Amino acid sequence: MALGSQRLKRDAPEGTDSEDELDNVALEGILSDDNDSEVEEAESDAHNSDESFDDDHDGDEDDSTAIGSDDDIPGDMKALNIHHENEDGQLNYRTTIGANGQPRYEYDEIDPTYDSDDTDAQEAPNTIGNIPLSFYDSYPHIGYDINGKKIMRPATGDALDALLDTIEIPKGWTGLTDPQTGKPLNLSQDELELLRRLQTGQVPTDNYDPYPDMIPYFTSKVEEMPLSAAPEPKRRFVPSKHEAKRVAKLVRAIKDGRILPYKPPEQREKEAEEEEETHYDLWANEEAQEPNIMNIPAPKLPPPGYDMSYNPPPEYLPTAEEKAAWESADPEEREKEYLPAKFDALRKVPGYGEFVKERFERCLDLYLAPRVRKNRLNIDPNSLLPKLPRPEDLKPFPTLCQTIFRGHEGRVRSAAFSPDGEWVASGGDDGSVRVWSLNGHQEWVAHLSTEEPVNMVRWRPNKDTFILAAAVGEDIFFMVPSVASSNLDKLSRDVLDAGFGYAANGATPTTADGAKKEPPAKWSRPGAKLEDLGVLLKATSRSVIKTISWHRRGEFICSVAPTGQRSSVAIHTLSKHLSQIPFRRLPGLAQTAHFHPSRPLFFVATQRMIRCYDLQRQELIKIVQPGAKWISSFDIHPGGDNLIVGSYDRRLLWHDLDLSTRPFKTMRFHGEAIRAVKYHKGLPLFADASDDGSLQIFHGKVVSDLMENATIVPVKMLSGHKVISKLGVLDIDWHPKHPWCLSAGADGTCRLWA
């Protein structure tokens, strides 16, 4: 007690003075780990020196009363063997004075080894618990250790120290700070070695052998003598008769039902209830029978449509008006028993409310509605096809390219045979009209324009004249090529010059007010330069002319200008130099026009239909509806009762004017648009030209018997023109006598097929 009181008296003033001194001092970053350690070591050395001095002094006075002797240790502690000496011969405890003034023993902390039972993690040196360290920002310490001593805040270096730490990295450096102590968190040598072993895939423990030698604990000593040498009895090998009798008895009891397997009470009650309910299978004893010959199976339900999907396309969903009309209609008047609906997922589809009703009506239909068996005729589909002759039996028709006409620059837009069949005329994008002999030699050329292309060239159908008409821009040029005989040349010039006298002496058309009426076209001379070449007459209209067509007598020629609106179709009289507009208004844009080969009828084709007019009675007779999206060309059969139509949607349509206004036959043999179609004047042949660079030759037989239809047979596909800028064959014409075909292509050539 004297020693404890002396220590208390000696230590109390020091603690009081230190606390008073720290109350008025701000300790922010002025201490370092080295200074703290030196201060702590100095204090511990001074304290130890005081204790040693007191112990020596007290020992001199009375050794028997010194605290810490074996006599003062209680008997129960001695019995527990808590007090002992360590390897250095020192005691494992220290004596201090407790709060009640009695001696208190402080033992050294036990450092558990790897093999000990204490496997808990090392306790944190800071015992403040799970509270933020920001609470200690205004204090020089950051917490308390297990003994209640303050843990002083470690000093932090400046930016230069931090930079040096990153440059000179010490061993075990992690760059982290321990949040409990505020000191850098470094790894020890053992921890570094453990990490190295884990990274290299080695065993973490150094002295661990994963493959130890096997120690035969139980088989190392061989037992040579048995424990008992008695022989095995026979009953070990013979089945027991008594057990067989017991088993047979149990089997009989199970068969008789005297022994039942265990069942829970709930299951036994359920089985008893099921036994009370008796169920009969109506078809239990039914035997399979062959179906009767009069048996008719039930018709199958139609497969569901797209509108019955839980996620149908938008076009199948009803609009608000359709939905309201369906709901307001009577159930008997509705086309469908349901309204299509859309759901995001199959799991969101509700139950069908009309399911039971539909099943019931299905059952009513099956057993109330009589079934009738219809015998299906076993007919070969090929027998239904018309018997067409072989193409070899339909010759002659063109099969190969005989002559190629080269000379135009750019596309050749039109080509035509002369009435006698000895000359070929062509016109193209270079603004020139050329006349060729059948051997491919160019005989005559006239450059009509440098800006506008020659859209079409056509010969006057009379054999007593040699007149060629060409449509260039807004003008129609009439010319006499200098390849004919002198007599034929003189007759042709007289026909072209006859109209000037009639125009000079004829009456001038006037309006209702008496004003001079502007004619649809102006007839004039083309100029001295062109007249020297044989171009003698020019008719200028109001818009660009695309197609021209002669009347069978050669007196009239019609022109079509799709952009001319009211004046899109005009009829010109060659002998009077007179132009007329037959229509005030056309329903649609005019594409082309032709005269009937034998009757006073005039056909005008718009984009979707062909109108037939009677020129004498001046009335509409018939409207032919091919059903094409855009008509490109058409031609009339020499007999006058049939016509063919070509369209830009790749279809060739044959019309029988006596049969119907709808197509008699539709043919699709091309992959691109059809530009031109043409009948042969004397043979049962016709052809079409397409942008895919090919010509399709057909054999079309027409008879006078109204009970027999026309026979149409495709006989040959002719290919030779190149496709330039998605344009192939632009025009086609037939020889007046022979089965020869002439084609004009976008590749700048004309080809004679024979």
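Every residue, even glycine, has its Cβ placed from backbone N, Cα and C.
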Annotated stretch (region 'Disordered', per TrEMBL) among the listed ranges 87-106, 167-186, 267-286, 507-526: 507-526
Long-range Cβ neighbours of the repeat 'WD' (729-754) (under 8 Å; 6 or more residues past either end): 396-406, 408-417, 419-421, 424, 426, 428, 436, 438, 440, 456, 675-683, 685, 687-691, 693-695, 697, 718, 720-723
Tertiary contacts of the repeat 'WD' (405-439) (same chain, 6+ residues out, Cβ under 8 Å): 445-463, 466, 468, 470, 472, 477, 479, 481, 483, 724, 727, 730-738, 742-752
Helix, strand and coil counts within the repeat 'WD' (405-439) (DSSP): 0 helix, 20 strand, 15 coil
